[in-house]
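I have a structure here, written as structure tokens, and I will follow up with some questions on it.
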């Protein structure tokens, strides 16, 4: 138990430090996390006895669910509507086109049977927007590009996992050669996607009601409630043969579209949880990578990585976005920004678990493709955005990021107006507040009032004064006869 705790602590500590270093260098964090896993497996070979492909796959499923939920929380319905048509086209037509081209390339290069080739083709078609945005940092993309990448990554995972499920079933039962087999696949697709959306919307709606209507004693309980909602959405959809990934992403979108008083607390918690899941997932997946195996498949790996990056993805993007108003530069950027993340590796682990023919070479090749994609595309995607003039002039920081910058120097000072106060019935504009301070809120009873200059103060009013930390003394002197609370940092 102590050894396992120590191992998790080392993994998380290494992940945090590497993520910080990589952010400064503009280097994709995925490579560093996988490298930690490779090093740990080399130093402690017994890890592979306990962390089997099944364990890694199950851990990765939960991790991806949490990551998708966090992505949904950052994607409002307004953003979904802007990007829905191209994102869905990329997640369906784009995935099928890319998977088909990759299947042909894999069969041509590796000479494997068609089913294992198709599995690798499907795995290589899954993209990860989180990898793109971690590299772009605070760079904001022009138009709807960011929305398309975000929504596509949230919807193409369910599609690729569905296709992989079908292929594994065919590897075990045989490929159907009659129309009923095709109809069964269509029925399964409609069931998984339809049930995923239905469960996601219903759980998201109920979850939004709970988060907005239930008055919990401690603010820290709201993230716990949102975590329970995410897990419930994923598990319910899976129980009814729906796509748990689509459900949990949809739940996040529905919740994000509501007005949550505890939005900051909830979103920040899930951002931290998503990073934790990223670190754990990539490190654990790194356990299965043996560097010396790369030498034997290096030529095939380079050829297939080139095919995935320069052939399959661009052709898929151009066909899937035909007639949707994207410029050539935007299409090339969408193609180049299709970085591979954890999903391709997790998908292939399903094939490993099923012991599909050639599964050993499949996992080696998919690691090669993911690492090549991360290095080549990850290190050049920002340069390409600037080259094509796709960088927006407006800042990309969310309100939460802006608040986190402000909290370094700004504080909120609460002041209560007592019965003996000299400011009873005095207008706010007549109070000599120190320079660079602002009374941004008046709490009167159970109501919050947006203050104006002509607002007159009453006994029992609580003022919320925004100031710099160095001005606390001035505020104390100004309200010497009133109870002044402890200054607090912005949330």
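Each position is counted from 1, following the chain as shown.
Cβ from N, Cα, C; glycine included.
In TrEMBL, annotation is done automatically, which means it is predicted and not curated.
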From the ranges 143-161, 162-180, 219-237, grab the one TrEMBL calls transmembrane segment.
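Going through 143-161, 162-180, 219-237 one by one, TrEMBL gives transmembrane segment for 219-237.
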Transmembrane segment per TrEMBL sits at which of 2-20, 59-77?
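Here TrEMBL associates transmembrane segment with the stretch 59-77.
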Using a threshold of three or more Cβ pairs below 8 Å, and leaving out pairs closer than 6 in sequence, do the transmembrane segment (182-207) and the transmembrane segment (219-237) count as in contact?
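Contact criterion met.
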Would you report the average pLDDT that the model assigns to the domain 'RCK C-terminal' (400-481)?
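The answer is 80, the mean pLDDT of the model over that range.
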Flag the pair the transmembrane segment (83-110) / the transmembrane segment (29-47) as in contact if three or more Cβ pairs fall under 8 Å (sequence separation 6 or more).
no
Taking DSSP states H, G and I as helix and E and B as strand, how many residues of the domain 'RCK C-terminal' (400-481) are helix, strand and coil?
20 helix, 26 strand, 36 coil
Can at least 3 Cβ pairs under 8 A be found between the transmembrane segment (29-47) and the transmembrane segment (358-379), with each pair 6 or more apart in sequence?
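Contact between the transmembrane segment (29-47) and the transmembrane segment (358-379): present.
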Go through the chain and flag residues at least 6 beyond the ends of the transmembrane segment (297-320) whose CB is under 8 A from any CB in it; none is fine as an answer.
86, 89-90, 92-95, 97-99, 101-102, 105-106, 109-110, 120-121, 124-125, 127, 331-332, 334-336, 338, 340, 361, 364-365, 368-369, 372-373, 376-377
